[in-house]
Structure formats: structure tokens, C-alpha cells
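Copied over from TrEMBL, here are the features:
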type    : residues                                                                               : note
BINDING : ASP21, SER49                                                                           : Mg(2+) binding site
BINDING : TYR169, LEU170, GLU171, ALA172, GLY173, SER174, GLY175, GLY200, GLY201, GLY222, THR223 : sn-glycerol 1-phosphate binding site
Amino acid sequence: MISFYESIVTSEKKLLAILIDPDKFYEENVSHFLSRIPVQTTHIFVGGSTVANNKTEVTVKALKKETNLPVFLFPGNYEQITNTADAILFLSLLSGRNPEYLIGQQVKAVRMLKESTLEVIPTGYILIDGDNESAVARVSQTQPMPQDNIEAIVNTALAGEYLGAKLIYLEAGSGAKIPVNTSIIEAVKKEITLPLIVGGGIRTNERKEAAYIAGADMVVMGTVFEEELLESK
Ligand SMILES: CC(C)=CCC/C(C)=C/CC/C(C)=C/CC/C(C)=C/COP(=O)(O)OP(=O)(O)O
Ligand SMILES: O=P(O)(O)OC[C@@H](O)CO
Ligand SMILES: [Mg+2]
């Protein structure tokens, strides 16, 4: 069987990940939630900037019972690791200069990962200003990169590739007012040879398609489906 990463690299279609925040997820809503997400969904991401103990595992287990979509951990910290998922985005926050999120959390995670069956996917994570304070900036105590400094963002992504990242993730922050500009997506995609993930503030089909056209291989949508679920309860 090919790895989850290989299937991203070789995918001929654009990918769509729906992000589930374990803190806002109730087991009894799993089927309803899964019935509301787009049929184009290819991946489920599970994670939050802060998550109460154990909630990640409960969430992943409940999802795994009801869907065959691959479930990837998208962790805000090493305590969100659970072996019940398929893979983990092994994030390093390259936009920031906080050693704890560049290498500290990763060192804390490795023993658990080594003993798990999770596929570990090194991911260069780049936080870009979405015009409101994001949970990622707050938790990591780092500044997002300004959208108008495209060169710095491109160079950060390329440094990530040279450091060995297998994916680059451009993040405007959950609930961003302004998603990552398409000119940034284009410039980064032109320079790197890795699959590119884009997320944060993408609430409509139009924005999603615009990100794909600009060069995103995968789009992540979270908040918009969280809200939809709450509204439809
Ligand atoms: C590799 C391991 C074990 C951990 C990674 C640790 C790093 C580098 C984290 C990056 C910084 C960070 C806090 C990322 C959070 C990513 C994430 C899950 C965002 C989605 O959560 P939000 O929706 O933004 O936040 P809320 O939970 O507040 O809604
Ligand atoms: O919640 P939204 O704004 O869709 O953002 C998704 C994801 O990129 C956040 O980490
Ligand atoms: Mg959230």
C-alpha cells in the first residue's frame, strides 16, 4: 500500500481537508457532521491550538467508526498525539522564532511517535497575517508574517523544503478575516517542489477554487463547517 504522503504527491485531483477541533466536537454528532461536509472531502484533520486531554483520541475514534477518509493529526502540541489516527503533520512553525514551536514540541513528541504506527509527515508551517489575532499566534507567542512581504514568505517556504519538510502549509489562522492571498500561493508554489496546503479563513467555494487555481494542492476548511453544524442542530 502506498503511504498517505505518496497519495498526496501523486493525486491527480485537488485535495480538501476538513478540520475538526476536538474541543468543539461531540461524539453524537459524528454522522451528522460527516453528512454535511462536501463530497469532495479527501482528508479529515483533527487538532486545535489547545485541546483538553483525551478529547483528540475520543474524536478520532468516533470518526474512524464512521468514515474511511484518512484522519490526520494537526496538533497544536505533543499532547494531542494519539495512535488511533492514520498520520500526523509533524509541524514546525517556520514563520516564528519561538524555539518551543520550531523544535521543542517535536522533541517531546518523538518517543510517542516512535512507538506508534502513525505516518509522520514533516511539515513546514507558515503563519501569515489574516487580519485578526489567531489562536496559533497567541499560543505560540509568535508574530504572523505580513501578507505584503511575499519574498520573505517564499524564502521561508524554501528554507522549509531545504530543511527536509515534505509539505508546506500556508496558514492565515483559523477564522482569518483575510485568507492567504492568491499572489502568495502562486509565488510559493512556483518556488517549491513540494505539495502546498493552504488554510485559514476559506469559507466559500470561490475562495477555495481561487486557492487551487493559484497553486494550492490541498485546501483546509474548518470554521465554516463548525458553524454550519451548530446552526443545523
Ligand atoms: C509536531 C508536534 C507534536 C506538535 C506541533 C507543535 C507546533 C509546531 C504547533 C504550531 C503552532 C500551533 C499552536 C498550531 C495549532 C495548529 C492548529 C491545530 C490550528 C487549529 O486550531 P485553531 O482552530 O486555530 O484554534 P482553536 O483550537 O483555538 O480553535
Ligand atoms: O477554521 P478555518 O478558518 O477554516 O481555518 C482552517 C485551518 O487552516 C486553521 O488551522
Ligand atoms: Mg478552531
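Just so you know, glycine gets a Cβ as well, placed from its N, Cα and C.
Sequence features annotated in TrEMBL and their locations in the structure.
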residue : record                               : Cβ contacts under 8 Å, 6 or more apart
ASP21   : Mg(2+) binding site                  : GLY47, GLY48, VAL51, SER174, GLY222, GLU226
SER49   : Mg(2+) binding site                  : GLY76, ALA135, VAL136, ARG138, VAL139, SER174
TYR169  : sn-glycerol 1-phosphate binding site : LEU89, LEU91, THR123, GLY124, TYR125, ILE126, LEU196, ILE197, VAL198, GLY199, VAL220
GLU171  : sn-glycerol 1-phosphate binding site : TYR125, ILE126, LEU127, ILE128, SER134, VAL136, VAL180, GLY199, GLY200
GLY173  : sn-glycerol 1-phosphate binding site : LEU127, GLY130, ASN132, SER134, ALA135, VAL136, ALA137, PRO144, GLY200, GLY201
GLY175  : sn-glycerol 1-phosphate binding site : GLY130, ASN132, SER134, GLY200, GLY201, THR223
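All protein chains considered, the CB of GLY201 (sn-glycerol 1-phosphate binding site) has 23 other CB atoms within 10 Å. Only ASP21, SER49 of the binding-site residues listed as ASP21, SER49, GLY201, THR223 bring a Cβ under 6 Å of any atom of ligand 1; the order follows the sequence. With respect to ligand 3, the binding-site residues ASP21, SER49, TYR169, GLY173, GLY201 contribute ASP21 as residues with a C-beta closer than 6 angstroms to one of its atoms, given in sequence order. Among the residues TYR169, LEU170, GLU171, ALA172, GLY173, SER174, GLY175, GLY200, GLY201, GLY222, THR223 said to bind sn-glycerol 1-phosphate, no two Cα atoms are farther apart than 17 Å. Within the set of binding-site residues ASP21, SER49, TYR169, GLY201, GLY201 have a CB atom less than 6 Å from some atom of ligand 2. In the three-state DSSP scheme, GLU171 (sn-glycerol 1-phosphate binding site) falls into the strand class.
The DSSP secondary structure for SER49 (Mg(2+) binding site) is coil.
Annotation note: ASP21 (Mg(2+) binding site) sits in a coil segment as assigned by DSSP.
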